[in-house]
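Student: My structure is below; once you've seen it, I'll send some questions.
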Amino acid sequence: MVKVFLVDDHEVVRRGLVDLLGADPELDVVGEAGSVAEAMARVPAARPDVAVLDVRLPDGNGIELCRDLLSRMPDLRCLILTSYTSDEAMLDAILAGASGYVVKDIKGMELARAVKDVGAGRSLLDNRAAAALMAKLRGAAEKQDPLSGLTDQERTLLGLLSEGLTNKQIADRMFLAEKTVKNYVSRLLAKLGMERRTQAAVFATELKRSRPPGDGP
């Protein structure tokens, strides 16, 4: 069962989302809010697995709310709900640590599936946003191998992150304790100069596309 918290400033939209997601036996809507302030007060108490956040809110925006919530609840997964798409908005969502974004005209069943996918640890990110993130991460050091400072084990870990695996799944693959994997992930993110595993996953995925077969992470 995936616990979901909804943040949207339109009550009619929230009611529709509650009815839609609540009808799925695998989803449990544990709370809702209409503003950033309400969300910051209610989400920690509700302890959801996934927070569905509207981009436009009366006292802020869903991107900043995502960043603030994740700073307090690192295991939370955020799904950004937007009425439009742009490379800049998608990049902002990734950099804030969001696990994905969906456009508001998405079909009901697809939204429920997206929430469950994010709750299961998978990322819903656009290839264009991934490419934009890569360009930003490379910057002036584009000619330098971004993996040069990583050990073989860290490269393996990066590849598994790109598959959207959870710490437990990675632990099983690498024959390590789950707590050890968590520590390794933190160290890997520090080396890459990133804050969220989602960023590392996007980085690794795009790196695989830009390199010859067999020369990835």
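We count from 1, first residue shown onward.
Each residue, glycine too, has its Cβ placed from N, Cα and C.
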Student: Among T180, T205, which is the one flagged in Swiss-Prot as phosphothreonine?
Tutor: T205
Student: Scan 7-26, 47-66, 107-126, 167-186 against Swiss-Prot and say which stretch is down as DNA-binding region.
Tutor: 167-186
Student: So one of T85, T156, T198 should carry the feature phosphothreonine according to Swiss-Prot; which one?
Tutor: T198
Student: Among the modified residues T198, T205, which residue has its Cβ surrounded by the fewest other Cβ atoms within 10 Å?
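Tutor: Lowest Cβ count within 10 Å among the modified residues (T198, T205) is T205.
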Student: Grab the pLDDT values for the domain 'Response regulatory' (3-119) and give me their mean, rounded.
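Tutor: Mean pLDDT, the domain 'Response regulatory' (3-119): 89.
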Student: Around D54 (4-aspartylphosphate), how many other CB atoms lie within 10 A of its CB?
Tutor: 22
Student: Could you check what DSSP calls T205 (phosphothreonine) once collapsed to helix, strand or coil?
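Tutor: It is helical.
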